[in-house]
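Notes for the one structure printed next.
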Amino acid sequence: MLSLIVFLPIIAGLIILAVPSSQKQIIRIVSLLAALGQGVLAVLIWRQYDPTMAGIVAASGGSPFGSFQMIEKIPWISLDLGSFGPLNIEYFLGVDGISITMVLLTALISAIGVLSSWTIQKQVKGYFILYNLLATAMMGCFVALDFFLFYVFWELMLLPMYFLIGIWGGPNREYAAIKFFLYTLFGSVFMLLVMIGLYFSVIDPLTGHHTFSLVAMADQANYIKGAILGPDSVTWRYAAFIVLFVGFAIKVPMFPFHTWLPDAHVEAPTPISVILAGVLLKLGTYGMMRINFPLFPEVFQAGMYVIGVFGAINIIYGAFCALAQQDLKKMVAYSSISHMGYVLLGLAAANSEGMLGALYQMFNHGTITAMLFLLVGVIYDRAHSRQIDKFGGLASYMPVYTGFVTVAWFASLGLPGLSGFISEAFVFVGAFREEVTRPIAIVSVLGIVFGAAYLLWSLQRMFLGKRKPDALYDLEVDAHGHEHIHFHDWKGKLDLDARELTMLIPLGIIVIALGIYPMPVMGLLTTSINKLVQVLAPVAMSAVH
Amino acid sequence: MMHSLIQLSIAVLLLPLLSFVVLIFFNRRLPRGGDFVGLGLLGTSLAISLYIFWNVIVQHYDPAFSVAWNFTWLDFGNVPGVGPLQIKMGIVIDNLTAIMLAMVNLISFLVHLYSTGYMHGEKYYGRFFAYLGIFTFSMFGIVLSDNLFSIYIFWELVGLSSYLLIGFYFHKDSAADAQKKAFLTNRIGDIGMWLGILILYSQFHTFGYQEIFDHIKNGDFHMSQAWLTAAGVLLFMGCVGKSAQFPLHVWLPDAMEGPTPVSALIHAATMVAAGVYFVGRIFVILTPDALHVIAFIGAFTAFMAATIAITQHDIKRVLAYSTVSQLGYMVLGLGVGAYSAALFHLLTHAFFKACLFLGSGAIIHAMHHEQDMRWMGGLYKKMPWTFATFMTATLALAGLPLTSGFLSKDAILAGALGFASVEGGGIFYLIPALGFGAAVLTAFYMGRQIWLVFFGESRTHLKPAEEHGHDAHAAHGHDDHHHEVHEVAWNMRLPLVVLATLSVFIVFSPDPLDGGKGWFMHLIQTPATVVASTGAAHEGAGLHVPEAGKLLAEAHTDTQHVEAAASHEAEGHGPVFADPRQAEIAHMTHENHYTAIKLSSIMVVIGIGMALIFYVFRFIDPDKTAQAIRPLYLYSFNKWYWDEIYDATFIKGSILISKILAWFDTNIVDGIVNGVATIFRKFAFANGSFDKYVVDGLVNFTAFTVQTTGAVFRKVQTGKVQTYLVMVVVAVLGYFAFYLVHLMK
């Protein structure tokens, strides 16, 4: 099941390879079918998933795979390395509460992204092959339970992303693509080193050999005393934690490693922005929850405060930067930085409320930001510009669009009744409950005000008031005295068309429904999060053995 | 089993939401913009609300009445360190809920009805009713909530509906500015409220009112008393925002950009009173220190807003500042411990202020969207119904006997006097002083308004030509300003009559001088505080003050007071308090009741007298007076310059910080990234050069050497036998020459 959901897009990619590049519609439909197939599989996985099983780590005395579900585990690469013993890399997939949420999100956003890619006209075949490769890599990351396999998927994401920005992007696309690529690669090089270090420090209790299994690594009992990342190797464990954290923090992106994001977003085509903000950023925080924190819980305990401070900086700094932006897409990009700060803050709290809020925020940020970028794309398609001050009064002329913008904007600023509020609320609840992070939480609430400030200000400048004299569209008055507007070289429907509505309505429904009753998603997480909190509880290293 | 009242209240809650959902999607497809949907659904919920009111208030008539119900909204499972954790949502219906529900629903229904006339012909007519629906839903949510989390949700949702309705004429920049200002100012209050909620949650892992109260009562609050005070003050910040108290009052006058029915419903009667309602809900956890803060803020706001109201020209602005001032009274009332008086004023104010706003709407409607009182005058003959109702409500607002406003305002002022005497006078007498000062000003500005609007000659023609059309109401054509002014139609008149009727004393109390004898004060009694008495508070703050403890002990055991309290109880004036401070205040309030009546009557007479002197008899010319005290006049006219101060500090400051940080981001953070990249590139280039010129150079040099050597030798290998022969000959000859030279040695 999991293999199928991971590799379905790649199968579609192979089919596309055989389709002549002039058959654009077939290429699109094949991709859409693959994405929908992923969606159906995600729903099936969701239905089968048992939310009472925790995952995270192998339960002592229980199944060796822990309480992970839908496990697929076969030896993948086995080499005899002589004195090092056998090298065992496994193809090991499984889900728990943390990953199933992300699987659902990825399937949803991938499908939305395919629809959004419908308007791509340049080299359609190449585009969709890369797109499908990306979809596989993302999904793979979230279900891989073998570190090596995770790393393979992680690196596999870079390649299509690089080309998707670098070929189908805006005017400054090559700079943005290279920046994205090098920045992420910089992080993953260190990840590789830590991964190898971990391999030689951990013994799988089942086989007695070294292993890349994340399930085994999450249990401190499996670490060898005296090994480089063993329990007594304090310095190396701190160093490993920090470089891993930086690697993931780049992806989040965390201040000060965030500047690739606005550039990448501004240059990326709309669907790629949707994927980037909707799914890719979550890989950073997912990596922290799956790998970085549970593998080094004692270092995490020591670093909670620092992580929380970085979260607060993201929240407030991101909001202020967003306030100053003139380009709407850049503003949304900085709003992502601000909102991912809430995830960091919730993780830093290391209690159930905070972590639950953080993970729920990852899901909600995915859906809300996808909406934001789609909506930015809508206006960019029409006006070929995103300069906030070049609009004005759009509410009078594009009422449906304005309605969706209002929902998305208010969801983003954390209006109760919409999903973003609940996650932010519980991030604060969690962070305030811990004395360590309490002062950080108090400072961070300023983000609530400034978040509202930049969103409402942009809403006013673009949609309210009257058309500005230098606006990017003409005003026409018809025979009945009704005012209409006309974008210069836009032939399509002025307000949202059917395809755009097809993308936005499901997201809107999810944002509203999960804002009123979050349990359908939150219910999946609670057991795993409670377990994770236990794993992260202060561990005296001497007590482990 | 769910109590039938709970089931009914859920219906009341959801009917307006249904109205919103139907109207937001279908208003263009329904005839008349679907206004009948809103009206019908609100009418249905009104019928249910009134039934609940009748059942709870009339049938039960029990101060302790309460039914509650909740369900698990979020289940967090077995949380490490806490145990099983569930977040519940629920409804509580007590006397206060039943009264608020009926009041909000009645005014909302009347405003719906009124709007069918006032908003007639608007472009987004149907959408207006949709927004009213979501507002009413959110307001019911605030009223019915049994916990801090859900009240916060609905709190922000009324903020949203307020945002949408203030900006209903969104094509006007002033409206768009006002809606943004309202939302952001409220959010500042909300973050305080949110932090207050977080403090309480962090201690008890629950949001439920009753659970929190019980925990505090049992002494489970393990942080210092200062944190509890902080929690109270922070929660009160929510009220400061929503109820437009200083320093966050600046949004409310600007909110008058919204259509007038909205001003009546949201920005006068209901939403702005939600802050007071909320402080009433959490009243029992407020420490004396927190109450002092609340009392001073309320008193200052009441007075400050009144000083601004006396110089405004816009009919709605006067009423807006009056609302701020009256909300100040309510907050003051809560701060001094006059809980039931404050909530009583909330109720009476809702009716008479809604009446005033709807009356002003009728005037504006009849005057073709003229809002400036300088160009009105002489309307009482033309609009007799509006005049009569407006006058009744004005008398109630000014606090004249025989009106509802007299009963409630007097009770607050008595509470303030009692409070000041208990707290030991001095600075605390400032609170009643500001309260009575505001009473004078209230009577004055309302007298001024009545005179300018209804009496004298019509001054429409005096309006300078260039001002024509400036305050234009965009959706209405008004090519001709000098239409005959007519009384409004029945659908706008009926709400005025109902609301004016509800401003008469008999509705609330059989005794025109004492609200304490009425049903409201019987049913809504000051609840006993759950905070340990002040002595403990001083200990908590690390200061043991034996004198204070002794004094309190004396107060507690003082037989006189106990007797007084007992007789007080026997007279039906509320409970005896275990907490000595509360008992003292209740007693002294009772003692000061008649002093307050006398004083406030004198104040009203002075205020009306001044209005008569300035505007009716014109013994003193108001314009000349304004010239004579110009700085003061300008200070009032420009609203104490708060907007300018905030603009120069917070708004400009935030924008400046954002610009600096954005610059920092582009040039420093990203600069470093690009710098590092450049360094690597330079290094790579240098490395490349080294590679190209040195490493590769050596390789090439070797190759070059070989090549040149080869080239030389290649010349030799010509492939011609003759050449080889020549070379052989030369070589042989050379050899012999060499050999010969060798031999000769």
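Here, residue 1 is simply the first one shown, and the rest follow in order.
Just so it is clear, glycine is given a Cβ too, placed from its N, Cα and C backbone atoms.
In TrEMBL, annotation is done automatically, which means it is predicted and not curated.
Record features (TrEMBL):
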| type | residues | note |
| --- | --- | --- |
| TRANSMEM | B:6-26 | transmembrane segment |
| TRANSMEM | B:38-57 | transmembrane segment |
| DOMAIN | B:82-129 | domain 'NADH-Ubiquinone oxidoreductase (complex I) chain 5 N-terminal' |
| TRANSMEM | B:96-116 | transmembrane segment |
| TRANSMEM | B:128-145 | transmembrane segment |
| DOMAIN | B:145-418 | domain 'NADH:quinone oxidoreductase/Mrp antiporter transmembrane' |
| TRANSMEM | B:151-170 | transmembrane segment |
| TRANSMEM | B:221-241 | transmembrane segment |
| TRANSMEM | B:290-311 | transmembrane segment |
| TRANSMEM | B:318-336 | transmembrane segment |
| TRANSMEM | B:342-364 | transmembrane segment |
| TRANSMEM | B:385-407 | transmembrane segment |
| TRANSMEM | B:427-446 | transmembrane segment |
| TRANSMEM | B:724-744 | transmembrane segment |
Fill in the blank from the handout: Secondary structure split (DSSP) over the domain 'NADH-Ubiquinone oxidoreductase (complex I) chain 5 N-terminal' (B:82-129) reads 29 helix, 12 strand, 7 coil
Problem - Among B:96-116, B:290-311, B:385-407, stretch most in contact with the transmembrane segment (B:427-446) (C-beta, under 8 angstroms) - result: B:290-311
Exercise for the section: Quickly jot the same-chain residues contacting the transmembrane segment (B:724-744) by Cβ under 8 Å, restricted to those at least six beyond its ends, or write none. Expected result: 716
Handout entry: Surrounding residues of the transmembrane segment (B:96-116) on its own chain - C-beta under 8 Å, 6+ positions past either end
Key = 9, 12, 16, 35, 38-39, 42-43, 45-46, 49-50, 52-53, 55-57, 128-129, 132, 135-136, 139-140, 143-144, 259, 261-262, 264-265, 269-270, 277, 280, 343, 347, 350-351, 354, 358, 361, 491-492, 494-495, 498-499, 520, 523-524
Fill in the blank from the handout: On average, residues of the domain 'NADH-Ubiquinone oxidoreductase (complex I) chain 5 N-terminal' (B:82-129) score a pLDDT of 91
